Amino acid sequence: MENDIGTKGILERLNAGEIVIGDGGFVLALEKRGYVKAGPWTPEATVTHPEAVRQLHREFLRAGANVMQAFTFYASDDKLENRGQALKITGAQINEAACDLAREVAKEGDALVAGGVAQTPSYLSCKSETEVKAIFKKQLDVFVKKNVDFLIAEYFEHVEEAGWAVQVLKTSGKPVAASLCIGPEGDMHGVSPAECAIRLVKAGAQIVGVNCHFDPLTCVKAVKMMKEGVEKAGLKAHYMVQPLAYHTPDCNCQGFIDLPEFPFALEPRILTRWDMHQYAREAYNAGIHYIGGCCGYEPYHIRAVSEELAPERGFLPAASEKHGLWGAGLEMHTKPWVRAR
């Protein structure tokens, strides 16, 4: 199905073997820029500072991203209330503004708009399946109204709640992706990545994978386990990965949020653009065709992913006009010892 501007849909692209490049982590990127508060991590900037959100979308688009993910992370009313969001902006207002900004920028290139829901405080406080699903439904109503191209249930630590989200999102008739914030050890109840993926596919997700909490190669390993499980079960799916841009070799099953440096001193762990080339190649070689980023990703990281996969995609991103491949721009440096590199 094509969207309202004639761009090929997410499943059409993946079914054709195309690579889809996601964007980066808006929450941490906008926190660093002064538009998101660390701790609550809520996205009211879509209403209060739309120009900041629009510009970041634009930079990721220019870096080669095919997906403009609406900045709706943690914009459920229970989360906004739970985290003391004092501006009295509703989840619906935030999500509508987020969809409008994502669509505005997506139209500037060959990009799709995704609407996302994430885990809820209500699930952790043992609210019923009916109550949790009602929260997702409220968010979904906005995404349907704004006619996003596909939906993502992302950043779930428990596959049970992610399955509930998928079931709700499926009622829209739009393509659904499901992404857990888990590593190779599985979810917080000890459900393996393989079993998690099987449950999500059976719930109706057409794309499954992992986002956040771990570094790229750890996330790729977890998605490989998902893929093996799905194939062994005789099921079919596409695969996605949107990891951290931080090295996390010392993390436990909870990921980077348990590190003492989280969230204000993570900079020494940031991956370089060369690390991103390795990540993009490893992900593609593993059969993952939706490749993006989460917390820590800046546009230059996504540009590196786009550049690594340019031979397969057939083109370089617009932002490569300001970046000589493999340091070629240094040939014009004034210092001869820098030129020699």
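Placed from the backbone N, Cα and C atoms, the Cβ positions cover glycine too.
Bear in mind that TrEMBL entries carry predicted annotations, made automatically and left uncurated.
Taking a C-beta cut-off of under 8 Å and a sequence gap of six or more, CYS295 (Zn(2+) binding site) has these contacts in its own chain: GLY25, VAL27, LEU28, CYS212, LEU244, ALA245, TYR246, PHE256. Residues or ranges marked as Zn(2+) binding site in TrEMBL: CYS212, CYS294, CYS295.
Taken from TrEMBL, the feature domain 'Hcy-binding' applies to 8-309.
Shown in sequence order, GLY25, VAL27, LEU28, TYR155, CYS181, ASN211, HIS213, GLN242, PRO243, LEU244, GLY293, GLY296, TYR297 are the same-chain residues outside CYS212, CYS294, CYS295 whose Cβ sits within 8 Å of the Cβ centre of the Zn(2+) site. Sequence-distant contacts of CYS294 (Zn(2+) binding site), defined as residues of its own chain at least six apart whose C-beta falls under 8 angstroms from its C-beta, comprise GLY24, GLY25, ASN211, CYS212, GLN242, PRO243, LEU244, ALA245.
A sphere of 10 angstroms centred on the C-beta of CYS212 (Zn(2+) binding site) encloses 27 other C-beta atoms.
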